[in-house]
């Protein structure tokens, strides 16, 4: 099973669309704070995948390509944010270490495919750490004057 298999109602799909739009707004703010823009660019591409997942639920053929866009570009984005972006203050250094951790988790998220039936565990190992990173960094962006 995949996360999309668990919720096929309109509410879940609208939530994904709204989340994708808000996620894109976050990437606009992130673009203003990051010196190296390539990671943010890939994160913005991943928002297109999230919005597409909400527009095209699981029975549609376009669901799988949008899923690949979301998960693949999220991983690529955290690779660039964690390893290319240059942290300056202490908080940014810790956030970059966490971004590296998120990338490593995403890189090894294929392991549950071998152990468990379905991909829901692998999907969770990708979006949960990435979401936590975005929430913490977003709060920091809101509190900086």
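Each residue's number is its place along the chain shown, starting with 1.
The backbone N, Cα and C atoms fix where each Cβ goes, and this holds for glycine too.
Per TrEMBL, the feature transmembrane segment maps to 12-31 (among others).
If you look up TrEMBL, you'll see 38-58 (among others) marked as transmembrane segment.
Look at TrEMBL and you will find 64-85 (among others) tagged as transmembrane segment.
Summarising the annotation, TrEMBL assigns transmembrane segment to 97-115 (among others).
What TrEMBL records for 121-139 (among others) is transmembrane segment.
Remote same-chain partners of the transmembrane segment (64-85), defined as residues 6 or more beyond its termini with a Cβ less than 8 Å from a stretch Cβ, comprise 2, 4, 34-36, 38-43, 45-46, 48-50, 52-53, 55-56, 96-103, 106-107, 123, 126-127, 130, 133. Residues 37, 40, 43-44, 46-55, 57, 134, 137-138, 141 of the same chain sit 6 or more residues outside the transmembrane segment (12-31) yet have a Cβ under 8 Å from a Cβ within it.
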